[in-house]
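Per Swiss-Prot, the features are:
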type	residues	note
SIGNAL	1-26	signal peptide
BINDING	94, 209, 212, 213	heme c 3 binding site
BINDING	122, 125, 126	heme binding site
BINDING	160, 163, 164, 301	heme c 2 binding site
BINDING	215, 216, 261, 263	Ca(2+) binding site
BINDING	216, 264	substrate binding site
BINDING	275, 314, 317, 318	heme c 5 binding site
BINDING	282, 285, 286, 393	heme c 4 binding site
């Protein structure tokens with residue numbers, strides 16, 4: 001019976017159009033406090049929702065850390081001058097959201113609330129404490145200051161109040177009570193013509209995930225989170241927006257290119273894929289309905305690979321067996337990986353060739369069109385590869401973006417050959433040894449021994465202080 005209901009649901013979802021409508025960007029405003037305080041401690045809701053809580057807690061089983069820089073040292077060069085060149089791991093379970101942002105080398109080793117390289121905004125997708133602080137202090141109050149300021153406050157891992165209105169009557173009655181707990185996400189959805197309160201249940205399910213699984217940047221003096229969707233959500237649309245406001249995340253010190261760093265744009269890429277176009281939501285594939293020991297259906301909150309729950313996910317729509325579908329997905333993943341590596345090789349050469357051109361006396365006017373090509377090439381590459389599931393969500397779009405990146409990188413290198421030739425340089429520009437993460441980091445001047453030592457000291461001394469303070473203030477369970 002359950003499968004019949006799911007198949008009927010899928011039939012009706014397939015006939016619903018999926019579209020985006022442009023609208024005017026709503027300016028950021030401070031959010032007045034609501035009457036009921038956001039409860040950030042996830043275990044508070046365990047007695048009322050035991051199956052959901054225990055399955056959410058099981059995301060702690062997804063504990064493996066995979067070092068993406070060690071797997072692909074080219075990334076170090078592409079992100080030279082940016083914290084991602086120090087440390088970049090593939091994602092793991094939601095239970096580790098706070099732990100991982102604390103322990104990554106990207107957040108530095110701040111000694112006090114005013115110290116460190118990154119802003120408060122870097123907490124924004126990690127914890128229901130973010131929603132609590134925005135409710136308490138407004139967005140301006142929350143975003144103000146350095147990342148370390150939030151250490152004693154943001155202590156509970158991504159959980160219940162991030163996605164559910166836990167103070168509502170509906171939630172108390174066992175209903176999902178989905179909500180957008182981040183006001184900036186709500187504004188972004190309105191920008192593309194999708195106000196949450198008017199959205200279908202299907203759309204709301206993916207919009208909730210889209211609070212975090214999106215491209216965003218840090219805007220203005222307060223470094224507030226904003227989604228760059230004013231022109232649309234495709235790679236070219238967001239590029240147009242960023243170029244119009246002359247935004248860059250950082251400047252690569254090798255090529256001196258003002259760069260863009262993509263985050264994790266699953267919402268944007270999913271929406272143009274076959275599943276998104278047919279209203280197959282994040283929930284359908286990553287949080288299926290399963291049965292508990294008493295035979296009662298509930299939503300599995302151990303978010304993970306759909307193939308791990310094949311009968312409850314893929315098999316609701318597909319007639320192929322698991323092995324057949326895994327083969328299709330593996331082939332798509334390999335195709336994207338192969339093109340990804342080819343693009344990276346071109347971009348690595350482009351950054352070093354641009355450095356050689358500067359060293360040979362190239363002018364800003366001569367370099368401007370080349371740097372534009374490098375910027376636009378790496379942006380397309382990054383948006384494609386930053387969405388780790390693009391081979392499943394939108395493989396055609398992934399290949400399209402990577403193909404565009406290859407074209408732009410080739411344009412940059414063609415112009416560089418001509419420019420270098422005009423400076424009397426006709427030999428191939430040599431690359432340093434970047435065959436390992438360590439060698440690549442040395443090539444861009446990182447003192448990893450010092451960086452790692454400082455981080456370990458921070459983990460041993462500062463984080464325990466944060467947790468002690470949080471417990472004293474009642475923000476963590478004892």
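Glycine too: its Cβ is placed from the backbone N, Cα and C atoms.
Summary: among the binding-site residues (261, 286, 318, 393), the fewest other C-beta atoms within 10 A of the C-beta are counted at 318. Considering only the binding-site residues 126, 160, 286, 317, residue 216 (Ca(2+) binding site) has 126 as its nearest partner by CA-CA distance.
Here the binding residues for heme c 2 are 160, 163, 164, 301. Their largest Cα to Cα distance works out to 13 Å. Of all the binding-site residues in the list 164, 209, 301, the shortest Cα-Cα distance to residue 122 (heme binding site) is found for 209. Distance between Cα atoms for residue 215 (Ca(2+) binding site) and residue 164 (heme c 2 binding site): 22 Å, as a whole number.
Each residue in 45, 52, 56, 159, 161, 162, 166 lies on the same chain as 160, 163, 164, 301 and has a C-beta within 8 Å of the C-beta centroid of that heme c 2 site, without being one of the site residues. Residue 164 (heme c 2 binding site) falls within a strand segment according to DSSP. Looking only at the binding-site residues 125, 209, 213, 285, 318, the one with its C-alpha closest to residue 164 (heme c 2 binding site) is 209. Taking the mean position of the Cβ atoms of 94, 209, 212, 213 as the heme c 3 site, the remaining same-chain residues with a Cβ inside 8 Å of that point are 125, 158, 210, 211, 266, 282, 303. Neighbouring residues of the recorded heme c 4 site, listed in sequence order and excluding 282, 285, 286, 393, comprise 209, 266, 270, 275, 280, 281, 283, 284, 306, 389, 392 (Cβ within 8 Å of the Cβ centroid). The number of other Cβ atoms within 10 Å of the Cβ belonging to residue 122 (heme binding site), over all protein chains shown, comes to 22.
Residue 314 (heme c 5 binding site) sits 21 Å from residue 213 (heme c 3 binding site), taking the CA atoms of both as reference points.
Taking the C-alpha atom of residue 213 (heme c 3 binding site) as reference, the shortest distance to any of the binding-site residues 163, 263, 264 belongs to 264.
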